[in-house]
Each structure stands twice: as structure tokens, then as C-alpha cells.
Amino acid sequence: MFTIKKFTSVQALFLFGLLMGVFIIYPNIAQIPWDIPRHVQSAGTDGATMQVPVNTMKIKHVCFESLIGYWLFFIFRYLFFSVTIWALLLINIKKIKQPVFARRIFLTAIVTALAYGLYILISLSIKKHIDCFTIHLLFQFVVACVLCVLIGYARALYSVQREKELEIERLKRETLQSRCDALANQINPHFFFNSLNGLTYLVRSDDKQRTLEFVNKLSNVFRFILQSDKKGLVTLSEELNFLDSFRYLLEVRFADKLTFDIRVDESATAMKLPVLSLLPLVDNAVVHNAIDSEHKIRMVIATHSDSDSGETVLTVSNPIYPKLEKPVTNGTGLTNLSARFQLMVHKDIRIEQTDETFTVILPLT
């Protein structure tokens, strides 16, 4: 399978240099039908003036040597341009990988000038092939330089674009992983244990109404999480409906020690945000804070107009009561949430923390 990586290997670049060499010396190739007779005629004339009477065999020998010399220099010219282009491509693709045009053209021009100087030295050492000071030859070197710069620059731009695409793919995988983590976090034995404890408490209290409500909310939580992989953005109303079920389970577990204060404008409920945006924030508050009769948590979820952008945002805040023993977590909840917002909403979340309050600001779209 053809790939850019295979194309830019050293061997592939050399083959490409050979092809580009044909392109660069094409004017010389097109000139062959006129150059050969002229060389033969010139060699014959020189041979005829060597001695009198004219030695026909000597003239033929001189013509043959001139023709061989012409073809050898032609091959040398082709290989010289091919190797020069190969070297320029290696510099522009392998050495300079960032799309910095000024540095790229500066280095390429220096190498091209050195190659041109070397060509002059070799040409001056070969009689009858002193074409190194013609505009035509100089133009060939300039074209080789410009083409290699453009190819290298285009390759660098492609690499940058490819890296962005790979980053998007990585974020998509992280989004999927975040959803899987959310599911795993809720169906792990610890969650089942706490949920069953709450359910057991309700059954023993013989509160049938609350027991049925608990089972219903628990099923809603699982249903929403299991279906979240089919959703990207959801309305704030859907997210709050999920939170309503999830917070019921937490309120049964913590009694009046964990409460929610939701202040959402009706006009904002149709706005959208990534699915399961509130879950990691609520889970973060529960995991990292001590929740007991002396440390009651009141989570405030509210919409308001952002003072900087003027856009409607959702803020989620809770008081900070650090646990004596730091909990063991993977630490990716907020990171994944930020990545999902950047991917789906093209905006990032903001985190504001004081000594007493932890607040996360979510942009809505």
C-alpha cells in the first residue's frame, strides 16, 4: 500500500531525484538531434586541420572520440542534477520538518550554490563542455532549487495537517474511552455496593414508594450511560434529566449531606453540550471531598451570561472539604471532559478554584 512515509524514504527520494533529473535536463535532451551533428562537424573540422594531406581515418577517430565525450558529459550532467535534487529533497523533507519557509529556502539556496560551484569546477576541467556560465544552466539550478523547496514545504504542511487529524482521532478515542470509563465507574462493585445499600435501606424501611423510585432512577442512569455512545451533543435538558436520576441515588446514599441547587434558565435548556458532561463533575465532588454531618456538600448548577464573551455558560461549583487521605483516581476525568469540549464544541472548559470553592465553567452551544 502506497503511503507518504514510503514515498519519503531515502531510496524513494533517490528514484524521485532520477525522475526529476530527466525533467530538469529535458531541454538538453530535446537539443540532442542538433548537438550531435554540430559536435561531429566541429570535430571533423578540427581533425582536418591537424595535417595535410587529410587523414580520413584520423578524422573519423576524432569524431568518434568527440561523440563519446559528448555522451559521457551528458550522462554526467544527468547524474549530477539527479544527485543534487536528491540531496535537496533530503534536506527539505528529512532535515527541515517544520513549515518554516524562510529557513528552508535559505538552506536550499546555499546547497544549490555549492552544487553549482562544484559543477563549474568539473565543467572547466573538461574541454569543449564549458557551458557553466550560460543562463540556461543557471536557470536549471534555480528550477531544481525552487521545486525542492516547494515539495519540502508541501510535505511539511501535509505532516502538520496529518498530525492535527491524528490528534482529532486521538481525542475521539479518548472520548470513547471517557464514556467507557464513565460506564465502568458506575457499574463497578463499589457502585453496586452503594446502590444496593441504599436500596436495602429503603426496603427495610418498608418505603415502597421510595424503593420503586430508587429502582426507576437507577435504571434511568444505566440506560442513559449505555446509550451515550450513540450521542455526541445532547441538550442541557437531557443532561439535567440524567442528573436528576443520578442525584436521587446520591441523595439517598448521603441523606441530607449532599444536595443540589439547580438554577437553569428555561431558554438555555435547548442549548447543547457533550453527553455526560455533568457526571464527571459530580463524581469529582463526591470522590475528592469528605461528606458527613460536619461537611455538607451543596452543589450549585446554574446558567448565566459569561462576563468575558457574553455567551451563555453553565457553571458547576461545590465547596472544598478535602479528605484526610487522598483518593486514588486515574486523574483523567477533567482532562477528558476538556478534550471532548474542544473536539465537539471547539471551546474549552474553564476551571476556577479558591480555598473554599471549586468551579467548572462549561460553554454551551
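Glycine is treated like the rest: Cβ placed from N, Cα and C.
Per TrEMBL, these features apply:
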type	residues	note
TRANSMEM	12-29	transmembrane segment
TRANSMEM	68-93	transmembrane segment
TRANSMEM	105-126	transmembrane segment
TRANSMEM	138-158	transmembrane segment
COILED	154-186	coiled coil
DOMAIN	179-258	domain 'Signal transduction histidine kinase internal region'
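Mapped onto DSSP helix, strand and coil, the domain 'Signal transduction histidine kinase internal region' (179-258) counts 70 helix, 4 strand, 6 coil. Within its own chain, the transmembrane segment (12-29) has Cβ neighbours under 8 Å at 6, 74, 77-79, 81-86, 89-90, 93, 136, 140, 143-144, 147, counting only residues six or more beyond its boundaries. Per-residue pLDDT, averaged over the coiled coil (154-186), rounds to 74.
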